[in-house]
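Feature annotations, courtesy of TrEMBL:
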ACT_SITE  GLU477  active site, proton acceptor
BINDING   THR188, GLY227  FAD binding site
COMPBIAS  1-12  compositional bias 'Polar residues'
DOMAIN    184-300  domain 'Acyl-CoA oxidase/dehydrogenase middle'
DOMAIN    336-492  domain 'Acyl-CoA oxidase C-alpha1'
DOMAIN    537-680  domain 'Acyl-CoA oxidase C-terminal'
REGION    1-22  region 'Disordered'
Amino acid sequence: MESHGPRTSNPTAEEDGSSNRDRAIVARRVERLFLHLNPPPEFSDGVELAPCAGRAKIDVNTEQLSKYMRGKYRDVQQKVYDYFNSRPELQTPLEISKDEHRELCMRQLMGLVREAGIRPFRYVVEEPAKYFAILEAVGSVDMSLGIKTGVQFSLWGGSVLNLGTKKHRDKYFEGIDSVEYPGCFAMTELHHGSNVQGLQTVATFDPIKDEFIIDTPNDGAIKWWIGNAAVHGKFATVFAKLMLPTHDTKGVADMGVHAFIVPIRDMKTHKPMPGVEIHDCGHKVGLNGVDNGALRFRSVRIPRDNLLNRFGDVSRDGKYTSSLPSINKRFAATLGELVGGRVGLAYSSVGVLKIAVIIAVRYSLLRQQFGPPKQPEISILDYQSQQHKLMPMLASTYAFHFATLDLVDKYSEMKKTHDEQLVGDVHALSAGLKAYVTSYTAKSLSICREACGGHGYAAVNRFGSLRNDHDIFQTFEGDNTVLLQQVAGYLLKQYKEKFQGGTLTVTWNYLRESMNSYLSQPNPVTARWEGEDHLRDPKFQLDAFRYRTSRLLQSVAVRLRKHSKTLGSFGAWNRCLNHLLTLAESHIESVILAKFIDAVRSCPDPSSRAALKLVCDLYALDRIWNDIGTYRNVDYVAPNKAKAIHKLTEYLCFQVKNNARELVDAFDLPDYVTRAPIGMQAAEEAYAQYTQFAGF
């Protein structure tokens, strides 16, 4: 109730109120002046605001976008597709036993090499980008075939080429190339997978007979999960500790883990060689076309020449020589030559994600459920919840496509130049992208299955087999959690050694500028900018990603220093482990976004560039929104800006939805590659194909 009695004034309150008003006026004027002098950055370097900003749909030239996406090795991929499409007896049926699948997989590999005339091994070292393109195409035929091909040529063949010398290449190249010498890569043991330096298999040199004796000292040292071993392999690259006889009290010297070529089956009879015991690892969750086996060695003798001696050699009289001075350096060099497997897995995982996204998006456009009262039903992709599931995933697929293509290019350059900085760069990038992309794809496969409802559960629509076959991508060629720790370690090394005035490699040189930005306080004005032009500016997006990485790097360095005083280095690392994993993921996301922005800038066709810009904006802002708490905690983003980011992200999902058909068509994968009735390009045929499969 309002009082009409006499008012008593409060000079202090009035002065405070006047002071607050004055401060508010001054703040507004300062902000306006700042905005006048420092307007939101304009787009530059060819990255312009997409013309879709004010419209719900843009015109996408699918043919031009597809041409830009496909790269220069699409011809050889098409050759793979055409060969298997012309040979129905080599296509993997839905229902097949483990043993039949293994034999079919071997026939597929032999047909590819001997009948289709596609020889992947020739490109492993000379033209890696072409090799990975073939591997992606082969994996789309049957993921088991893709893995078996990788075991034969990347692992077994790659170990001979990369760890051996000319004598090994001369002796084994043709046999590996023609699959006359099917082989294995015997690194993992029952007790040791990620910790390769902990392997227990031993190779002891016998100077009298000039031979190495390969031994499995205990059950924990049995070689386990060895692809090609259970049925088809005739040779194995066996990783073992090289033991040399000495004249001291110890009797032997451990020279560290080396690789040896060990024949495991007779070339004529195919029976296990003397002293080699082979068992079958049995039925797996997926990839049952690959014959994984277990190997035990009982005093198996091999010639001294079977040591793959690029990084360390033993002479006839038992003297050890190496260009590298320590066990650790030799070990690092050996593993460094095997990063191609990680590059291939990251690249192939994107291929799997493309197939899943194509099926899920096409079905979501086809499937109609509910709608406004007395109105026709609407497609399920018109629902915001379905857009939220699938559109950021579609954007991520594009982002990963360009990031992994760049990784393949870097790897190819590394193989040619052997540049030391590039080697370290590729090692960390391949570890990070393999871990990040395969984890994302694994989660996405389940989301796609769910997004397609009951029909997504039908085996013929492929989500089950894709999910089961791909699942192990998160584990082999390096467990993802271990690989992310390698990335974090590399970031900390860069921070420690090169932040103070040194030259950072290309992938990491953003850290100095971002770190300087992090160490200063966030700008209170830019933290409130919420205009669409600003939020869609690639500079704002990339700065936000890099700011987060720099903040995580600085804070984890401080925490590690603090905890190492009481817990030691190992204990401190373990205490900060989740923080380190988040740091690694943040860095990889920054790398992915930077490559996506570059790809948008480089796109020559305006229509395609506009589509890619739209998708890139969704990728960036969706990631920022998903971690908005981090940005809010440090006042990098004010509440009004956070709200604007969320609103724009939802609108971009809607815009991408309106172009979703063209965007998945641009992946240019024909129906006989995607092989899912509900994911057919011609929507009107999808249900007919599906019912026909059921026998109607």
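Heads up, the Cβ atoms here are built off N, Cα and C, so glycines get one too.
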Q.
Can you give me the Cα-Cα distance between THR188 (FAD binding site) and GLU477 (active site, proton acceptor) in Å, rounded to a whole number?
A. 10
Q | Euclidean distance between Cα atoms of GLY227 (FAD binding site) and the residue listed as 'active site, proton acceptor', Å | A | 12
Q. Using a Cβ-Cβ cut-off under 8 angstroms and a sequence gap of six or more, which residues of the chain neighbour GLY227 (FAD binding site)?
A. ILE147, LYS148, VAL151, LEU155, CYS184, PHE185, VAL290, ASP291, ASN292
Q. By a simple count, how many Cβ atoms lie within 10 Å of the Cβ of THR188 (FAD binding site), its own Cβ left out?
A. 21
Q.
Is it possible to get the count of other C-beta atoms within 10 angstroms of the C-beta of the residue listed as 'active site, proton acceptor'?
A. 25
**Q.** Confidence summary for the domain 'Acyl-CoA oxidase C-alpha1' (336-492), mean pLDDT rounded
**A.** 94
Q: Using DSSP, tally how many residues of the domain 'Acyl-CoA oxidase/dehydrogenase middle' (184-300) sit in helix, strand and coil.
A: 6 helix, 54 strand, 57 coil
Q: Could you put numbers on the helix, strand and coil content of the domain 'Acyl-CoA oxidase C-terminal' (537-680), residue by residue per DSSP?
A: 124 helix, 0 strand, 20 coil
